[in-house]
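Taken verbatim from TrEMBL:
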type	residues	note
DOMAIN	16-329	domain 'YjeF C-terminal'
BINDING	Gly132, Asn185, Leu186, Val187, Glu188, Phe189, Gly190, Arg191, Asp254	(6S)-NADPHX binding site
BINDING	225-229, 244-253	ATP binding site
Amino acid sequence: MATLTQRQKEAATMPTYPEYRSLVPPLNANLHKGQGGRVCVLGGSSDYTGAPYFSAMSALRLGADLCHIICDEDAATAIKSYSPDLIVHPHIKIRAANAAQDKKTSNDIWAHTFDEINSLLKRIHVLVIGPGLSRDKGMLQTAKHAIEVAKEQDMPIVIDADGLFLIQNEPEIIRGYKKAVLTPNLVEFGRLCNAVNVDTEDEEAEQPAVQRLSLALEGVIIIQKGKSDVISDGQKVQVIDCEGGLKRSGGQGDILTGLVATSLAWGLAYEKEVWQHTHPVKKEDVAMTACFGACVITRECSRLAFEKHKRALQSSDVLAEIGPFFHLFYQKPRQKATWAEAIYG
């Protein structure tokens, strides 16, 4: 299901490096705090505290100005201890809601949680759903609420991990929302396809499964992670096959969500002309270009970390590569460089 036929590969398109580079806000005194991207990650449960950290910190390491994490109160202290750079909100009260003496008390707790989320999301550019979310009913209920609020605000949403479990069970939550990006791995991709009746084994199909999944969800962007990453918005297909690391440590998918979120936030600023530019990327291509660049950066940072650490590689090692690599990636090449020139110098 992850392999494209030769004909499908030949039909794939690719944004240029200068197009992705044009989405990156300049570093100058004319911009103020927040214009470089305000990202929010909703995840982090009593069992999973690392995933939202990797997502949020990768967003910051790429260049987002601010990153918030909405998590369960039992996860908040651990996440706060990982970094003072993160703004952590323990708005989800699973234990308190479950311990409530009556339904009214429980409902009041959830109403307060949703009010807090509604207020916070008014200040956010991009929402990430899923890292460390878990399949707890209350956590999934909160994620569903946040998705609906983000849709009302026309906000880009990146969904991964157990956020995809929510979508596979309720595809209508996201169907037709073209500012959503799903980032499934092999297993998650298969489950999503099954949920919307896309045959992943049809080798005669003119369109690859990733494109057919996007079409079934009416234009939602899919990043199908694998040996090569394949992206589709239902109309175009893009393939990222630059070399990545060979160690599959937990957390690398979370890092991708943060890089996608920051890239999408930059795309919003580009569309709003926060800085002067010549519009080299058409509005309809901004999101796909942002996703392509984020995948390239993730794969290269994984490769660089793997070269240093081999089997000992952990996602914290990949995280450490983002800032130094992106500085060279953005500053060193000619503005008209190819992707290979930008990546490898």
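One-based numbering along the chain as shown.
Quick reminder: no glycine exception, Cβ is built from N, Cα and C everywhere.
Unlike curated entries, TrEMBL annotations are predicted automatically.
Considering other CB atoms within 10 Å as the measure, the emptiest surroundings among the binding-site residues Gly132, Gly253 are those of Gly253. Around the Cβ of Lys247 (ATP binding site), the same chain contributes Phe306, His309, Lys310, Arg311, Leu313, each under 8 angstroms and 6 or more positions distant in sequence.
Shown are the binding-site residues Gly245, Gly251; of these, the residue with the fewest other Cβ atoms within 10 Å is Gly251. The local packing around Leu186 ((6S)-NADPHX binding site), expressed as other Cβ atoms within 10 Å of its Cβ over all shown chains, amounts to 13. It is Glu188, among the binding-site residues Glu188, Asp254, whose Cβ has the fewest other Cβ atoms within 10 Å in the structure shown. There are 25 other Cβ atoms within 10 Å of the Cβ belonging to Asp229 (ATP binding site). Maximum intra-site Cα distance, (6S)-NADPHX binding residues Gly132, Asn185, Leu186, Val187, Glu188, Phe189, Gly190, Arg191, Asp254: 21 Å. Ranking the binding-site residues Lys227, Ser249 by the number of CB atoms within 10 A of their own CB puts Ser249 at the top. Using a 10 angstroms CA-CA radius around Leu186 ((6S)-NADPHX binding site), the binding-site residues that qualify from Lys225, Gly245, Ser249, Gly251, Gly253 are Lys225. Between the CA atoms of Gly190 ((6S)-NADPHX binding site) and Lys225 (ATP binding site) there is a gap of 12 Å.
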